[in-house]
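What TrEMBL says about this one:
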TRANSMEM  B:26-48  transmembrane segment
TRANSMEM  B:60-81  transmembrane segment
TRANSMEM  B:104-123  transmembrane segment
TRANSMEM  B:135-155  transmembrane segment
TRANSMEM  B:167-185  transmembrane segment
TRANSMEM  B:191-209  transmembrane segment
TRANSMEM  B:284-302  transmembrane segment
TRANSMEM  B:308-331  transmembrane segment
TRANSMEM  B:352-374  transmembrane segment
TRANSMEM  B:380-398  transmembrane segment
């Protein structure tokens, strides 16, 4: 039996969506523990982004609760938000700030000491090959570089929880490798990571557990064995099991 | 069936007119037209006074060059082109001549009319001076130079390298200014000769630069900038959809943002200070300060209305700057980041007010310096200090409350 510790992210019986009459998510429950990377997978429209929006507090649950480090957004909005960093699917950067100024703003907002900020930002800029672009404005960056800036911001904050939505789109191979290396490292140091992605081979290789969403419900969750079992395909790859789960209808 | 490009142009023009019509209505319902008419009346009084007795040492040529150079050289081009056109219209690039011709005419006619209106205002003054050109000569010269500028400006848009474009534009403005000066002070035939040579040089010079067949990206960027300016203007009167403004670095002002201390409670100050300085808001405020400062110098030194005209101009420009600066709260209201940052909402409002106050005090003092420069030596103390005192009282006592209410109303409408 495992020791019960408080999960970093705890979603219980979440039902939600844009309109109370037509929920998009139905009774979603899962947890992300410290030192764990969870893959959130599903087809387009399965509810991955809606789930993430609920965690961010951009949408309100119709039913159920979401806790980050044991707190809900309503109880303690500031410490709730300070506990995670979010990398959106589409990079949102301020047009009027340079790469370096984005990092500085993040450092100020998360209350990172100025010394730490200097050291971490220099390291991140180096690791993500952005030295030549540190003074560039967002409008002069390619999609992949913008994504790098978002990722660097998240990593700079060193939060307890990372929420990463489809991070590999537009990243070059070096960028993908740097990101995965850093994620493994922050995980080892005890961070929790919730990552949504369509690149199932990467998800399979790096995540500890998986949550398969289909039509707004959890079709399966757990380790690779659990997903294979739910799909009735022992020994299959995550991709094959996932394919079977979403083409034959959701079953618990 | 393929739609003709002329039909597409027409449809886009109609769509733009329809889209902006309500905003023009809001603008007309605000106090803006009244202020504008008031300024117009004040300016025409000054103009009449000047006409009654034009001083012998009036700088005829300088005023003419300053007036006509921008009227003739500035060659905007509305093309209504948008990013998807690179995919959908670019295959019809060969036919785009017809499309651009419509744009050229659309901009050239009002441009030419403005130049002629400028001449109608300038001619009664010029008559008193030593100039040798007749009114018809000047009219013909202005129209010819306007057309030549538009043609060269089109070639500039086609240039592949930004540096070449900038050099060419600078040269075009300089040659135009020189030609105008010659028309105002020299025998007309000499001026015509110079203008013809300048025009030929320009036409040949643009051929040297590497050019695109059709400058899609340039035109799309220009169109986007124009539309943004419209909306930046409308946003002074009413909420506009979105103000996505690409940044101008304005590195000469970066010493200001560098002074924001590195602390959690100044994060929003750091953001909004950059927003103010680098977006269109700062751009327009800087331009208003410059134009206002020149207007104050012009009206202050003539001792018009005993110096009170300069004071009125100061307040009018300070008011316009205030309206423009007041659009700062609208900039980041839809950004996801705002919800992600672990900062209390009160910090945001406090920071907005702090940035607004600093910017307004700085702008109002900068705008006051030329007033002080021209009014104080004439011992017009009340005229110099009263408007400054009024402006600062407003900025420090009345404006914060108003802005706060505006932000509160704004977040109410967003929290549903």
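Just so it is clear, glycine is given a Cβ too, placed from its N, Cα and C backbone atoms.
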Counting Cβ pairs under 8 Å that sit 6 or more residues apart, are there three or more between the transmembrane segment (B:104-123) and the transmembrane segment (B:167-185)?
no
Honestly, do the transmembrane segment (B:308-331) and the transmembrane segment (B:380-398) touch, with at least three Cβ pairs under 8 Å and pairs 6 or more apart in sequence?
yes
Take the transmembrane segment (B:380-398) and find every residue of the same chain, 6 or more past its ends, with a Cβ under 8 Å from one of its Cβ atoms.
306-308, 310-312, 314-315, 318, 322, 357, 360-361, 364-365, 368, 371-372
Surrounding residues of the transmembrane segment (B:191-209) on its own chain - C-beta under 8 Å, 6+ positions past either end:
133, 141, 144-145, 148, 151-152, 155-156, 159-161, 164-165, 168, 171-172, 175-176, 178-179, 182-183
Contact set, same chain, for the transmembrane segment (B:352-374): CB under 8 Å, 6 or more residues outside the stretch:
268-269, 272-273, 276, 285, 288-289, 292-294, 296-297, 300-301, 310-311, 314, 317-318, 321-322, 325-326, 328-329, 384, 387-388, 391-392, 395-396, 399-400, 403-404, 407
